[in-house]
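Beneath this line is the structure, given in structure tokens, with notes to follow.
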Amino acid sequence: MAKLILVTGLVLLLNVQLGSAYNLVCYFTNWAQYRPGLGSFKPDDINPCLCTHLIYAFAGMQNNQITTIEWNDVTLYKAFNDLKNRNSKLKTLLAIGGWNFGTAPFTTMVSTSQNRQTFITSVIKFLRQYGFDGLDLDWEYPGSRGSPPQDKHLFTVLVKELREAFEQEAIESNRPRLMVTAAVAAGISNIQAGYEIPELSQYLDFIHVMTYDLHGSWDGYTGENSPLYKLPTETGSNAYLNVDYVMNYWKDNGAPAEKLIVGFPEYGHTYILSNPSDTGIGAPTSGNGPAGPYTRQAGFWAYYEICTFLRNGATQDWDAPQEVPYAYKGNEWVGYDNIKSFSVKAQWLKQNNFGGAMIWAIDLDDFTGSFCDQGKFPLTSTLNKALDIPTAGCTAPDLPSEPVTTPPGSGSGGGSSGGGSEGSGFCAGKADGLYPVADDRNAFWHCINGITYQQHCQAGLVFDTSCNCCNWP
């Protein structure tokens with residue numbers, strides 16, 4: 001009995017020391033800095049207490065070597081990795097690739113042993129130089145989108161060689177081993193064409209399953225971005241387009257549940273309804289919904305942009321079979337996730353013993369708390385609490401929850417925040433949007449519900465009316 005008590009106490013002690021049994025992996029995108037006004041987001045805006053792992057997206061590749069993409073990546077790398085000074089348990093990774101990167105550079109790199117070795121050597125040097133703890137491979141996708149069938153096996157070879165090189169480097173440098181993870185497909189045909197699941201799972205630390213973009217305007221009818229379950233009426237391949245099916249497919253085909261990280265989107269897909277009175281799931285559509293004022297991409301709204309849509313009178317509904325919400329107003333329709341659906345999915349994740357959650361992306365959450373009246377980072381915080389992520393010993397940043405107030409026209413010292421007075425000043429009577437400031441090319445007016453906010457581009461950039469964005473002069 002004494003031994004049993006001792007063992008039980010030891011297990012409890014280990015659980016306390018190790019923290020949560022789950023991981024919360026949060027992507028940050030290096031183009032979020034270019035969003036206007038309150039949407040602009042940089043590493044300093046990240047709360048380092050929310051996630052167990054942060055991933056910087058994206059790096060590129062030239063001549064089979066990892067490279068920066070943005071002009072200020074090196075500066076942002078430092079700010080990103082400095083977040084570990086405020087959370088000693090935080091791990092940071094650098095993601096390479098992404099959808100827009102395509103497949104050709106990966107195909108060339110994996111095609112020969114020499115090319116792979118060139119890549120691996122450059123990765124180790126790069127990660128150590130800039131202070132990252134690992135590499136996230138975002139090849140979308142091996143064996144698809146122009147990638148030849150042999151890349152399925154060569155991807156396994158690459159991951160195996162990366163893992164072995166990381167292990168050897170850790171011994172030689174007497175430093176913790178660099179992690180190797182991958183963001184992988186949710187579409188069954190892409191999974192089958194791209195991944196040797198049992199073999200890959202031996203070498204990857206985490207498998208980040210991109211369980212979103214399961215429906216969009218490309219379908220020609222409304223659908224949820226990331227439904228937990230299928231609709232009762234869905235048959236054939238449509239019955240595969242849900243989080244539950246995809247995650248269990250990976251598990252049933254050889255991936256350990258504890259390495260599988262479930263994708264959670266902090267954005268929604270928008271549609272134009274063909275008939276504004278037909279508003280349910282599966283309603284005919286005629287294309288993408290309009291771009292949001294911050295993310296500026298047709299068919300796509302950040303969570304905080306969705307909150308504005310809801311606040312402006314959209315009808316909200318709950319898709320009970322799929323455990324996710326949708327909303328509509330006029331001919332605009334959005335399928336998305338909210339606090340309730342994140343909570344439901346987190347409980348399902350725990351019941352199925354998956355390794356944790358991955359969010360795309362932390363810069364799409366309501367990080368200022370200005371849009372949704374749910375506090376700062378409401379979606380990410382929901383997962384943090386649901387997965388029992390420890391925050392002891394971590395120092396959160398003090399983000400402003402409202403724009404810094406300065407009289408319209410008086411200017412400010414830079415940054416992305418301005419201010420104004422309700423119903424007065426430049427924006428009185430004007431439509432919501434961004435407007436140039438006549439005597440200051442670095443500044444712009446941001447009008448929201450008649451309220452005037454003067455905001456500034458980053459130093460060296462000017463407000464460009466052709467794109468309503470900050471651009472090089």
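Count begins at 1; order follows the chain as displayed.
Cβ coordinates are placed from backbone N, Cα and C, and glycine is handled just like the others.
Per Swiss-Prot, the features are:
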type	residues	note
ACT_SITE	GLU140	active site, proton donor
COMPBIAS	410-421	compositional bias 'Gly residues'
DISULFID	CYS26-CYS51	disulfide bond
DISULFID	CYS49-CYS394	disulfide bond
DISULFID	CYS307-CYS372	disulfide bond
DISULFID	CYS457-CYS470	disulfide bond
DOMAIN	22-390	domain 'GH18'
REGION	395-421	region 'Disordered'
SIGNAL	1-21	signal peptide
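Known features from Swiss-Prot, placed on the structure.
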residue : record                    : DSSP (3 states)
CYS26   : disulfide bond            : strand
CYS49   : disulfide bond            : coil
GLU140  : active site, proton donor : coil
CYS307  : disulfide bond            : helix
CYS372  : disulfide bond            : coil
CYS394  : disulfide bond            : coil
TODO: Have a look at the recorded positions CYS49, GLU140, CYS372, CYS394 and say which one has the shortest Cα distance to CYS26 (disulfide bond).
DONE: CYS49
- [ ] By Cβ count within 10 Å, point out the most packed of the disulfide-bonded residues listed: CYS26, CYS49.
- [x] CYS26
Task: CYS49 (disulfide bond) versus the residue listed as 'active site, proton donor' - Cα distance in angstrom - done: 30
Task: Integer Cα-Cα distance in angstrom, CYS394 (disulfide bond) to CYS51 (disulfide bond) - done: 11
Task: Distant-in-sequence Cβ neighbours of CYS372 (disulfide bond), under 8 Å, six or more positions away - done: TYR303, TYR304, CYS307, ASP366, PRO378
TODO: Counting other Cβ atoms within 10 Å, pick out the least crowded of the disulfide-bonded residues CYS51, CYS307, CYS394.
DONE: CYS394
